[in-house]
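Below is one structure, written out as structure tokens; comments come after it.
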Amino acid sequence: MKKLKASEIRQKYLDFFVEKGHMVEPSAPLVPIDDDTLLWINSGVATLKKYFDGRETPKKPRIVNSQKAIRTNDIENVGFTARHHTFFEMLGNFSIGDYFKQEAIEFAWEFLTSDKWMGMEPDKLYVTIHPEDMEAYNIWHKDIGLEESRIIRIEGNFWDIGEGPSGPNTEIFYDRGEAYGQDDPAEEMYPGGENERYLEVWNLVFSEFNHNKDHSYTPLPNKNIDTGMGLERMASVSQNVRTNYETDLFMPIMNEIEKVSGKQYLVNNEQDVAFKVIADHIRTIAFAISDGALPANEGRGYVLRRLLRRAVRFSQTLGINEPFMYKLVDIVADIMEPYYPNVKEKADFIKRVIKSEEERFHETLEDGLAILNELIKKAKATTNEINGKDAFKLYDTYGFPIELTEEIAVQAGLKVDMTTFESEMQQQRDRARQARQNSQSMQVQSEVLKNITSASTFVGYDTATAQTTLTHLIYNGEEVSQVEAGETVYFMLTETPFYAISGGQVADTGIVYNDNFEIAVSEVTKAPNGQNLHKGVVQFGQVNVGATVSAEVNQNDRRDIQKNHSATHLLHAALKSVLGDHVNQAGSLVEADRLRFDFSHFGPMTNDEIDQVERLVNEEIWKGIDVNIQEMDIASAKEMGAMALFGEKYGDVVRVVNMAPFSIELCGGIHVRNTSEIGLFKIVSESGTGAGVRRIEALTGKAAFLYLEDIQEKFNTMKSQLKVKSDDQVVDKLTQLQDEEKALLKQLEQRDKEITSLKMGNIEDQVEEINGYKVLVTEVDVPNAKAIRSTMDDFKSKLQDTIIILASNVDDKVSMVATVPKSLTNNVKAGDLIKQMAPIVGGKGGGRPDMAQGGGTQPENISKSLSFIKDYIKNL
């Protein structure tokens with residue numbers, strides 16, 4: 001058999017099937033497109049469903065691909081086995097109603113055994129078939145010439161996922177020899193058994209039956225072929241290594257981990273687990289981020305966060321206690337190009353995301369692990385189960401994925417009370433949902449609304465007024481025929497100019513009236529059957545069903561909403577231009593007085609980036625671009641480059657808002673006719689709303705002008721107070737004052753140190769020897785919390801081999817700080833000292849092994865805490 005690099009195997013596979021008339025289907029992104037049934041692309045066939053189910057017809061019925069995939073159903077096994085992965089590549093050849101078993105088997109045999117391709121020894125190959133699949137048996141035995149003893153019948157060789165296409169399959173195994181085990185049926189040492197000797201290298205699925213609702217099977221009119229070969233596994237066979245992790249897909253990563261950790265791979269089984277976890281997870285994380293996913297608290301983002309934090313936890317077992325996963329991204333990129341250039345192209349962005357996430361987790365990891373270890377001790381002494389409320393606190397406060405807590409618990413021989421954990425999670429979801437609920441929204445999503453099916457046409461794209469008929473009135477949750485003045489009512493119209501809240505754009509407000517009554521409209525939403533449902537208060541008169549009315553939108557607000565919505569599109573495009581294509585809309589709010597835009601990005605924008613975005617948007621406004629709005633089919637919209645919002649669902653016909661060439665986006669909202677109508681755009685804030693999500697708030701038109709006018713007024717006031725004549729002198733004067741303040745503060749700090757030193761006397765005389773350690777434990781009189789740290793720095797410079805613990809009372813609040821020489825941190829940890837002391841003074845604290853700080857609210861107990869910590873050190 002040829003010894004080939006993984007990249008060579010991939011290319012040979014594609015080349016072989018191209019020779020056999022197959023079309024190469026490029027590897028699709030890991031984040032599924034137009035398929036809400038999948039969290040990730042998890043197989044080679046997942047991206048081809050559109051061909052198999054008939055939605056699209058491929059250019060050729062023969063297809064070959066190498067598809068990157070993610071599976072996360074058994075993350076806890078990754079690292080502990082030879083071949084479990086969360087990220088992998090699946091090589092596959094497919095036939096959509098073209099060739100079937102004969103060709104599929106012959107192709108597989110030729111690719112594996114021909115010297116031109118893999119060059120495997122035929123006498124080392126075995127196959128499994130379904131017991132009733134005589135056609136496959138005859139092909140293998142009579143046409144290929146495989147001995148009967150190397151064809152194993154296994155009942156499980158039938159691919160079936162319930163109702164739909166199904167069929168038998170045949171698997172091909174490679175015998176790695178007696179070094180991997182002696183033949184012994186009792187130990188499943190046979191092809192198809194759980195063993196390391198006979199490795200499955202290819203699975204050929206023959207989709208020939210339809211699994212019917214009554215569980216009967218009928219032949220399919222068009223038979224299909226679906227095969228899968230794991231690249232990592234084939235590489236391990238070709239390169240003759242024991243596990244996938246020793247192939248050229250992983251070893252460069254292992255080598256880098258060895259350099260960083262100082263530990264060796266393949267020397268210690270326990271260490272090897274950590275090596276494998278880190279190597280597997282960094283591949284998954286790098287590829288997922290390159291394809292548009294970001295760490296978050298739910299969905300696929302939660303999977304990434306869980307993987308990264310699991311890898312960080314295992315890296316600690318190798319002595320790596322700082323962010324380093326991001327440094328592996330370049331190695332992954334080098335291994336996987338040129339077939340996957342995306343990781344290298346986005347490497348800087350991927351590294352920034354990973355480093356940011358690592359830093360966040362490291363901030364809480366030590367405290368979280370310390371708490372978890374205490375919970376484990378408590379559980380072992382009582383119920384052998386970690387309390388669900390405690391597990392939830394670890395998740396909520398310290399960022400520990402519950403799966404990570406479970407995994408550590410299992411390693412300690414314990415379990416987690418998941419029932420209580422889920423209850424706590426549900427309570428949190430309920431609280432969040434309650435907080436999001438609009439108190440003004442209609443709470444009558446009842447059978448009343450569901451039973452109203454009469455049409456209501458929105459005409460507001462073209463007009464802000466309409467002559468229409470009031471068709472339904474709902475009062476106190478019931479449909480009625482009339483409502484009196486002063487009452488709040490919900491109603492529908494045959495035609496309405498009022499936009500219903502949707503896509504981040506708020507609803508229109510206005511009035512609906514005739515000579516007999518008037519309703520002030522405050523809210524418009526979508527009813528269950530799609531009609532616009534208006535809410536308002538009857539200002540005067542009696543409202544009757546069937547009344548002919550005038551409907552008028554508040555046009556001032558409408559114009560401002562239009563400006564803000566069109567500006568939001570320009571902002572989205574500008575962010576992509578300045579920050580990169582990874583930017584996706586994560587939420588928006590378009591109101592009359594402001595706009596808010598949430599987007600995916602790994603960290604705060606710089607002032608320069610904000611300025612660039614703002615300038616780009618204003619340039620498009622000043623160009624006076626016509627805003628063309630058209631309805632078309634989704635395919636035509638995508639062809640013209642229209643941007644679809646990530647995660648949004650669209651029908652067959654979509655509305656395209658075109659401000660070409662800068663912005664083309666699918667949108668159902670209301671917009672200006674020309675960008676010049678927006679007038680002016682000003683960003684007023686940029687902030688974070690969660691991991692990987694940033695928020696911009698901005699103003700347009702008159703609101704932006706008034707905002708700048710207010711800033712100018714404040715600037716003039718400041719200029720007057722600084723007593724300078726020109727605008728240019730303001731910054732110079734401020735810099736001068738800041739420098740003077742720093743100098744004065746430095747003088748004051750030095751004087752405080754001198755006063756403290758005089759009060760303390762000779763500190764060397766106060767050092768005690770406790771349990772073999774030099775220790776200084778004392779209360780200091782300082783003017784503020786910052787001064788206690790500077791006092792500590794002063795003491796450390798004089799007592800370099802001494803454990804120092806200081807406490808102070810500042811404004812009836814306790815501040816404490818501890819330092820331990822690095823040479824002693826294996827035995828004494830500053831963080832532990834503070835954690836022991838802080839509760840005594842009614843507080844908490846912690847930190848690194850060499851430096852920690854804390855505080856409390858009970859200064860009367862300072863002496864008690866200092867005495868306690870001396871005894872604590874004495875008993876270490």
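Keep in mind that glycine also has a Cβ here, set from the backbone N, Cα and C atoms.
According to Swiss-Prot, the protein carries these features:
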BINDING   His565, His569, Cys667, His671  Zn(2+) binding site
Within 8 Å of the Cβ centroid of the Zn(2+) site residues His565, His569, Cys667, His671, which other residues of the same chain have their Cβ?
Ser566, Thr568, Val627, Val657, Glu665, Gly669, Ile670
Near the Cβ of His565 (Zn(2+) binding site), how many other Cβ atoms are there if near means within 10 Å?
25
Which of the three DSSP-derived classes (helix, strand, coil) applies to His569 (Zn(2+) binding site)?
helix
So how many other Cβ atoms are close to Cys667 (Zn(2+) binding site), meaning within 10 Å of its Cβ?
23
Run through the Cβ atoms and count how many others sit within 10 Å of the one on His671 (Zn(2+) binding site).
24
For His569 (Zn(2+) binding site): intrachain residues, at least 6 apart, with Cβ closer than 8 Å:
Val657, Met659, Ser663, Glu665, Cys667, His671
